[in-house]
Amino acid sequence: MNDTSERRSNENSESQSNGQTQSSSQQVLEQDEEEDEELTLKYGAKHVIMLFVPVTLCMVVVVATIKSVSFYTRFDGQLIYTPFTEDTESVGQRALNSILNATIMISVIIVMTILLVVLYKYRCYKVIHGWLIISSLLLLFFFSYIYLGEVFKTYNVAVDYITLALLIWNFGVVGMICIHWKGPLLLQQAYLIMISALMALVFIKYLPEWTTWLILAVISVYDLVAVLSPKGPLRMLVETAQERNETLFPALIYSSTMIWLVNMADGDPGLKQSASTKTYNTQAPTAHPRSDSAASDDNGGFDTTWEDHRNAQIGPINSTPESRVAVQALPSNSPPSEDPEERGVKLGLGDFIFYSVLVGKASATASGDWNTTLACFVAILIGLCLTLLLLAIFKKALPALPISITFGLVFYFATDYLVQPFMDQLAFHQFYI
């Protein structure tokens, strides 16, 4: 009887302890979920603010230039990638030419993207660096020279060639150092915004109107496929960078933090620590046969052979309370925990360029009003906000063009062809709502 009562009491105590363990584990899970939600909201809002400012600045520079400098709205030819003219007699021929131009342009973008991924896959870093350096040199020196010259002409500012050469030289050299080497974060961000605006202005000037809208529509679909498709080129690029634990090139990515300190491709810090531990363990010589592998896994490789070898070299260790206190007081060499405030968000410069192309083209081709420009501006920011919200929820690389470009195109055509005529009629008949 006594044995039976003892068994029942033990079973009851075990069931109670199991229930307490399950309830405590559920509480821990709930707390973790709440913390994840708080972090999602916190960093989602923070990242929105971090990217609203540079995107806004880039679009403001483009729109201000379009509204003030007539050079970028004057037709002086087309790019070699868009050989078909839109100055045709029929609408059908113009639509066909714009489709052909957009097809050629998108094909060039796809080929260049695949070439970049292949070069990165096979570690042709010098070729990629040379490619990016040549592009940066053209933007920072040649296109900046054209831009400054047209701005000085517009505002009737007399500047000699020596002064202009000094300005361009200093601007270009400092930009090359900040982008391709090291420099202050704000200066690097300013240069990335500026070269994005210059590239957008080139597209606005030399791309025909219908071709531009088609390119924007198709590039958003391509961006969706390239990032989310399992074999998409941009997804392969990001996954390769994650596998190698490398940062992508600063000339391709706008970063809200130091790009050589914070890597968006970083995973769990515990994975890095385990990877480094595995590397360390594989380098250690094995002094025992493979039959003792289970025991070596349990003690981490510090078996009796290792202890005998250590005692033979440094002698036996006698632990005393004083020595234990002294050891505990020593600073630990554990890797520092990642500061959440240092986590940055990155956006491709191509996204900056196409955002600015949409707003700038709307400003250049709209019916001379600001309503269409402001509508496209707000639409892009709303789309960017939704994209960053999805990024905070899914915690994976997402395309930044589809939502923003779709909203921008819808807002452009709706405002230019519906809202603006309606407002003109209200103003003409002096109706006030």
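Residue numbering: from 1, along the chain as shown.
Every residue gets a Cβ built from N, Cα and C, even glycine.
What you are looking at is a predicted structure, and each value in this text was computed from that prediction instead of being measured.
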D160 / F431 share membrane side in Swiss-Prot: yes
From the candidates N101, N371, the one which Swiss-Prot records as N-linked glycosylation site: N371
CB contact flag for the transmembrane segment (49-69) and the transmembrane segment (187-207), at least three pairs under 8 A: yes
For the transmembrane segment (99-119): best-contacting stretch of 133-155, 215-238, 347-367, 399-419, by Cβ pairs under 8 Å: 215-238
Under 8 Å by Cβ from N371 (N-linked glycosylation site), same chain, sequence gap 6 or more: T415, V419, Q420, M423
